Amino acid sequence: MRTGRLMGHSCPSFLRLVLLLGGTTVMLAHGCKAGLRPASLLADKPEVSPSKCDGIGTGLFHKLEKICQDCGNLYQSDEVTGICRFNCFNNRGFAFCLKTLHVDEKDSEQLVSLVEDRQSDLLLH
């Protein structure tokens, strides 16, 4: 797991991500002043795989996973990758990563819709 600083990226961008996801400003403000990342948002990376995300085929899963990996690499943060993956990509962190990576709006909407539809199908059964 990567540790240390948010190298090359402004703390306010990371702050926006964490606030978007319900983080606390006190912890983050302290981390920003020190130039360090806030304490781990997720102790371990969530285990996700095509078999654990019913309704998401292997091809789509790998596309979604690449988005989360790229987003985590951009922020040099395994926590960002984990947040993006949470709940089989059905979360605001995944949507944030789509915007951060400048994924085409139409493609973003389609990916979010596919993930949300998968969740809806699971709730109905």
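For all residues, glycine too, the Cβ spot is worked out from N, Cα and C.
Each of Cys71, Cys88 is a candidate, yet TrEMBL gives the disulfide link of Cys97 to Cys71.
For Cys68, the cysteine that TrEMBL lists as its disulphide partner among Cys53, Cys84 is Cys84.
Bond annotation: of Cys32, Cys53, only Cys53 is listed by TrEMBL as forming a disulfide with Cys88. Cβ environment of Cys53 (disulfide bond): Phe61, Cys88, Phe89, Arg118 lie under 8 Å away, each six or more residues apart in the same chain. Listed in sequence order, the residues of the same chain lying 6 or more apart from Cys84 (disulfide bond) and placing their CB within less than 8 Å of its CB are Ile67, Cys68, Cys71, Gly72, Asn91, Gly93, Phe94, Phe96, Cys97.
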